[in-house]
Each structure stands twice: as structure tokens, then as C-alpha cells.
Amino acid sequence: MLCGATMASMQKRLQKELLALQRDPPPGMKVDEKSIQASLTQWIVDMEGASGTLYEGERFQLLFKFSSRYPFDSPEVVFIGDNIPVHPHVYSNGHICLSILTEDWSPALSVQSVCLSIVSMLSSCKDKKRPPDNALYVRTCDKNPKKTKWWYHDDNC
Amino acid sequence: MAQQERIQQEIAFSTPLVSNKVNISFLNKEYTDDDNVYQRKIQDLGSKYGHVRTTRRDGNCFYRAFGYSQLEALMDNPKELQRFKAVAAKSKNDLVALGFPEFTIEDFHSTFMDLIEMVERQISEAELLAAFNEQNTSDYVVVYLRLLTSGYLQKESAFFEHFVEGGRTVKEFCSQEVEPMAKESDHIHIIALAQALNISIRVEYMDRGDCGGVNQHDFPEGSSPGVFLLYRPGHYDILYKL
């Protein structure tokens, strides 16, 4: 069921977020304007690995999907494309284990704060490796990472 | 997860976010006749309160119950309404100063101010109730009250860090237990919100403890409350004095 008022407030909010991201993008990040549809429900953000980190020189792509209940529902965020960062909290299918994407999401957070958390997650990594349960997870998980019951250990690598 | 979502949806469609005012005897029916502990406590409650409004059990009940009850109380107190409005108007800048991003919080703040202004224009109780039962409006108010709570906890973190469990910082506690929707509220949240808005809340605690009557607690202690809430484990409803 899609209520008109909900849809309107979701689009108004996303419109504002898009402007903020274009005007003041987190370092190394850029929203791919071609990827954005009129409904604003799906965006791709290009990111570069920060210099001085294990990901320096690498390029990644993040896909954001928003439901009509955004910002009450968290966005669905995955890495896509050929280069999925090798990181203990990133599965080889692009799913990310990050608490603000599910349990700790708050409507006061934004695309920008998600981007910053992902940059900081990558930047603090000291050992490039996949999560220990990667093989099993990518074989058995739902396509939507929000359907996974994540078990958050820590925010570090 | 899917099952949990389904159950939550069922709850959502079966009960209003904030109900009509009903006689306090409504509570009797929620317990069996031979449930002596609760029946006795409801009797005690009935000696002080005449009516109750229930709220949806969605983890946001404290904020929703408080928000509705506070605005309703302001309907016939124009002087307090002006004071409250001034505190609320200023609160957004305080949150921005604490580092909350203005472009996300301003929508929640403006919905909250819209409701206060509706009360100022002397809308009816039915209109206020309708606003609190419109999911979007109601949730925007809940978010703003959560942010005020978080902001106060962070501003006074030197004090509150002693009450945060699990070896977390106040900031971590806020981002895990205060700001996300559906996270339930405890004493620490109530103290913070009452102080953030400079108002007073009385909570009547009703649980299975075999101590006769209900226990009341005023936030902050020693204040004279304008909002009365009923707490049963995991849930808050609104009470009306006799």
C-alpha cells in the first residue's frame, strides 16, 4: 500500500539529499547522475579508495535503493561491479555487514552518513580478507542484504 | 526476519497509533479475573486516574504517548504553550550545534513545530488525535523527540556516561538505543527528554512485582507533572487524572 503523503515526503527528502551530496560529497565519492531515475529510488555512487589506506588507487561502486518508507526504512546498500572491496565486512557478492544499514539505522542518517561510514570502515582496515563465512553466505543469502539477520561483532577490521 | 516483519505488520494494522480515550476499567479486561496482582494494581490506578489512551506497541510508544499527551495538555494552557513553543523552536539550532546534520533534522523539526502551531490555533482534540494517527506525521514527531533525547544525553554525556550499560560511550548508546526507530525507552531516555524540553512527566509503574499498588516516579524528581504515563513492561500508555 503506497500512501501519497509518504511518497511525497520520501521524494522531497531524497531530492534534498541528492543536492547535498552533489554540493558537498564525502572525499573520493561522486554520485553518478546518469544512474538516477526520475523517481529517485535508485542511485549509484562511485568511490575511490582513500590515499594512505589499503584501498588506495582502487575504484568501487555502491548501489543505493530506497523504499517508499525511506527515511524510516534504511536504504538497501551494496557494492556492485567488477571490483568488490576485499574486506572482513564485505562479502564477495557486494553485501556489507554494517549496523547502520539495518538495526542502527535512524531517519536522521542519510546517504552521506552511510557513505562516510563505508569510507571509514574501509580506511580502518589493516588486513584485506573476506569474511570467514563468505563462501556459505554468498551461496545461501537473499538478494536483498536487509533480509539477512546480521550479527554485528565490532566496527573495526 | 520475515516472520518478525509479518507480526509487526499485523500489530500495525490492528491498533491505532494513539487510541480514543477510554475508561480506566478497560485495563481490567486485558488481564484475567484471577490475576490478582494486576487486578489489585488497576484498582489502585483507578483511585487516581479516570481514563486511559493506549498507544501502538511498536517500540515508539514512549515518544508517541509523551508527544500526544504533552500537546494535548498545552491545549488549555496558553502560557505554557508559548514557553514550550519557544523551547521547541530553539531546539533545532542546539541539535545542529551538537553536530546533527541540519538537512535531515529540519523536516522532523518543522513537523513538530507545525503540530505545536496547530495547538496554538486551537484545533480540536479530534484533530490532534487524527494528526497523531497519520503514520507519517506521527513518526516525524517520534523521530524529533528521539533526536532531542539523544541531543540532551550527548550534551550532558559527562553525567550520563555512568548510566550507560555495556561499556559503550554515550554517543554509541544514542546511535544504537535512542535514534533508531522502534528502540524502547528506559529511565535514562525519559530523564533526558524531560530535561531537554524542561517539562515534567509522571510514570506509574505497573508490573508483576507483588507490592500492592503501582509505583510512581516523577521526571525530573520533585517536579510537578503535566503528563501522566502508565508503564507496563515494555510499553507506555497515556493516563488521565480523575
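Residue numbering: from 1, along the chain as shown.
Every residue gets a Cβ built from N, Cα and C, even glycine.
Features reported for this protein in TrEMBL:
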type: DOMAIN; residues: B:50-242; note: domain 'OTU'
type: ACT_SITE; residues: B:ASP58; note: active site
type: ACT_SITE; residues: B:CYS61; note: active site, nucleophile
type: SITE; residues: B:ILE191; note: site 'Interacts with free ubiquitin'
type: SITE; residues: B:TYR205; note: site 'Interacts with free ubiquitin'
type: SITE; residues: B:ASP207; note: site 'Interacts with free ubiquitin'
type: SITE; residues: B:TYR231; note: site 'Interacts with free ubiquitin'
type: ACT_SITE; residues: B:HIS235; note: active site
type: SITE; residues: B:TYR236; note: site 'Interacts with free ubiquitin'
Taking all residues of the domain 'OTU' (B:50-242) together, what is their mean pLDDT?
96
What is the Cβ neighbour count of B:CYS61 (active site, nucleophile) at a 10 Å cut-off, with all protein chains included?
25
If I restrict to non-local contacts, at least six residues apart, and a C-beta distance under 8 angstroms, what lies near B:ASP207 (site 'Interacts with free ubiquitin') in its own chain?
B:TYR231, B:ARG232, B:PRO233
Restricting to the chain of B:TYR205 (site 'Interacts with free ubiquitin') and a gap of 6 or more, list residues whose Cβ falls under 8 Å of its Cβ, or answer none.
B:VAL214, B:ASN215, B:GLN216, B:HIS217, B:TYR231
Can you grab the distance from B:HIS235 (active site) over to the residue listed as 'active site, nucleophile'? Cα atoms, rounded to a whole Å.
6
Roughly how many angstrom lie between the C-alpha atoms of B:TYR236 (site 'Interacts with free ubiquitin') and B:ILE191 (site 'Interacts with free ubiquitin')?
15
Within 10 Å of the Cβ of B:TYR236 (site 'Interacts with free ubiquitin'), how many other Cβ atoms can be counted across all chains shown?
25
What whole-number Å value do you get for the CA-CA distance of B:ILE191 (site 'Interacts with free ubiquitin') and B:CYS61 (active site, nucleophile)?
16
Assigned conformation of B:TYR205 (site 'Interacts with free ubiquitin') - DSSP reduced to three states:
strand
